[in-house]
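Working notes for the structure below.
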């Protein structure tokens, strides 16, 4: 920054008058007059210029048109025409023509003269205008000079100085500081002339121009310099200092003191309360002085007192804050009251006082004195229940009257209340500390006086109801007897209390109470069956109750209904109890739950029915309560127990009697029963002692009788049902019927996959086959029409009932399966099965998860054996499966969703035995089945194996006696026969077709970069090879770098040799770098949609060929360095993929170890906590790998119904969290384990 001085006075030609001049001369007026004269002259000149300009404009508009020919040309033409006219003899017309041309040329010369004359006039006018403008400029220059002088004179006059005293100074600074300086000198700019200066601001050049007398200019310069050199000092404040400064009186005092610094406006301050800061702005020395003042003002302390309750806070604050305001004004401190944040109670407050140390101490001293004088304390008194009632009677009128009397006596405010939370009646006294002693004495005296009027009588708790009476009638009569006495009967304490101020009234009531006690002695009849009470107080017990009434005894039932209370005199009580015990012994009642399907068994047989037999044999009463589904047996205890045992043995087995229940298809019920029940009669005759029961509207068959015969009968029924073919129909809408009519392939596919026959009839579709096959076909048809598929897991009846009971207690596993698979899972009582609905893939996932759950609930009772799809026909013949079922007493069926044979039995041993038999059959089936599998690239062989319209398959079947099945979706051909030789013949026939096809059609893999050269321009080379060898050579559609050669065997072989020879020559001329590459890394090298490999080829100008068959990668073309660069980039990608694969393997290994450790701890906990349950939670793997080597993914889903829930840690280490794991062992056994 810089300053410059201009001390020159105005022009010497201008004279000024002073106060001392003898003649006053007003130079401003003189200059104004001269300026007006010059202004008039300027206006006249401007008008004259405008007139001349108009004349010039008119001249320009009137400029004549100049001829095209020049004057010299015209003159020469005239001379030439004159010479021609005078030198030649011309006829009259020619001469006239020449004269006309001469006249025309002369006219053009005259036009030239006129144009030149007009142009001269224009030049003269322009000269006049320029001369007038020069005069105008001279006049304007004079006016400008006079205006400057006049402005100087006027400025000096406004600034109250002479022009001689007027000086000019400049202050130059950076443009960046301009805004700050302007803000600081805003007052100067607004009142500059009052301060005797004139300030001009040049923001563009960062310049201030100050005019005035020397002193005023110097003062303004100092102000600007101070602003330019100002500094900001931040004074950091504490929260308490900020709160102290926020008080208006403190802040005003600080502002007044800061105004005394320097000239009064040298320091500015900005108080930023939110950030606890004060900013001082001004010159360094002034700011330093101001900072000392601020630090002196904020030299304060803060003291806090906490734990003030609402009442204490009110005392400190006072009415409308008067007390706190007076204390703040008295001591000059800041006082604030706020809620305690660290306290558990939100009702306590803190008092904070901020100010100078001495004043804060004085203020706190007065506050403490004030609180102590008004402190409330309390005392408690245990009072009698009757006194409590008297005090709170009539909305507490008595306690209020007592409270007022004590307050008047001690001359202070006293509060008396009953403590509702105290375990016994408690009176609470509250009052100021100074009045407590006197108030305590008054209350204690009142309590003693009340208690002296109470009489207590000990009573047996059983007699208390007699004293109270029905609806309290007896106790009311006692109170009336005592003339308003209060009687309280406490059954729990066995005490009756009588209160009255009159002694005779107390004695009268006490005598009446004692008489009630004597007349209401109590006896008990214990161990009463709740079910027997209804008979005692009903019709069967009328005589007994009449006998008790004759003894003048009253009978009541205890609250828990486990004993009878007999009231009367001692002698009569003993007799009544004997009568009651005799009745209860003869009327013991026992209830037995009866399943709805077993109800009819109780009544069937007429006089030989189960109920009739039990009644007559054991002399008991038996009644079936249909509304509750229970059988009620009443009589003597021993007889009732014996009758119950016989009923249970009949219904559920025992003592040589076996009961087996199982579900059968509804359509098979008729064949089991037979016409008029003939079949049932024959079966019962064939298997002696066996009774067969099929409830109405149910498909459950119950077999009862000797164990061996029951099992044999079941075997026969299972065999017949397994092979029994049923028919079922599905109603179709017109749209569905039309859709399926036009889709014969779907009908064939469903019929073939389910092993049923399907036919369309009007409005419906008919399905015939074995029951479970029909159910599968219906599920597939429903999926076709609605998109929703249904799958089932069949259970036997006991398993279903047990599972239903388990889920009623905890259905969380079903909910987890629903959430994890998106399938619906419900129990289907009609099918005695778990029904799963949804998309087919979701149903399969849900089944896999549920099979693990069922294995946990029913260990090893439900097992599966994996069967490859190609072995379905040979393995899953219903008759063959029935043989296994007969041999093991297990249920055996095919589950197409799980691609498995499912074995189900209540006996784990029977289920395991059945699995062994199924596995043995599977091994035999594999021997009589040969599966010919094709790679994806060999899919073209399938049509050749089948032949046109199945010609080749039919030919092989006719020649070998085998059956040939082709599975296009699995690229498999299955040869099945009755003997190994037949299967071998069929196998050789299929292999012969394949071998011949491979010889007549070969594929050759070429490097991708070699394809253009091999094909040739316009396919010339490939056509040449085809013609030369009489074969057809073409690129495959799926793999553009693979060529297919088809033709006769010898020709194909020769063509292949020629192609390989050509390839060898091409590779010699297109050398490259090659590496072996694993298949798993090829996708990463290629990249998404080929982005990565294209990027490498583009950057290096090389070609990259990947041979998936031989697992090699070759980099060709380009320079040697480019090939090396491309290969390095590929190797980098491979190394990165290897690193990722290693990390994944490590994570998988870690997870496996954690799971193994969890299983170990789980098994150990199970052995410790539930020794009677299954000893191993792992599911035995009974599945057999399918023949294709396809991975069995069933174990990838949860196989354990484990519920995880956060539990409070029981460890001593707080850093460890505990997890509680709940394992459902059975329907009524749960194992809990804690893992930290």
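Using the three backbone atoms N, Cα and C, a Cβ is placed for every residue, glycine included.
Look at TrEMBL and you will find 1-22 tagged as region 'Disordered'.
Annotation source TrEMBL lists compositional bias 'Low complexity' at 1-15.
Here TrEMBL flags 292-372 (among others) as domain 'K Homology'. As a whole-number mean, the pLDDT of the domain 'K Homology' (292-372) in this prediction is 83.
Residues or ranges marked as domain 'K Homology' in TrEMBL: 375-448 (among others).
For the domain 'K Homology' (451-518), DSSP puts the residue distribution at 34 helix, 15 strand, 19 coil. Residues or ranges marked as domain 'K Homology' in TrEMBL: 451-518 (among others).
What TrEMBL records for 520-585 (among others) is domain 'K Homology'.
As annotated by TrEMBL, domain 'K Homology' applies to 586-652 (among others).
Taken from TrEMBL, the feature domain 'K Homology' applies to 656-722 (among others).
Marked as domain 'K Homology' by TrEMBL: 926-995 (among others).
Look at TrEMBL and you will find 998-1064 (among others) tagged as domain 'K Homology'.
Taken from TrEMBL, the feature domain 'K Homology' applies to 1069-1135 (among others).
With DSSP classes pooled into helix, strand and coil, the tally for the domain 'K Homology' (292-372) is 43 helix, 21 strand, 17 coil. For the domain 'K Homology' (1069-1135), DSSP puts the residue distribution at 38 helix, 15 strand, 14 coil. For the domain 'K Homology' (520-585), the DSSP-based tally of helix, strand and coil residues reads 35 helix, 14 strand, 17 coil.
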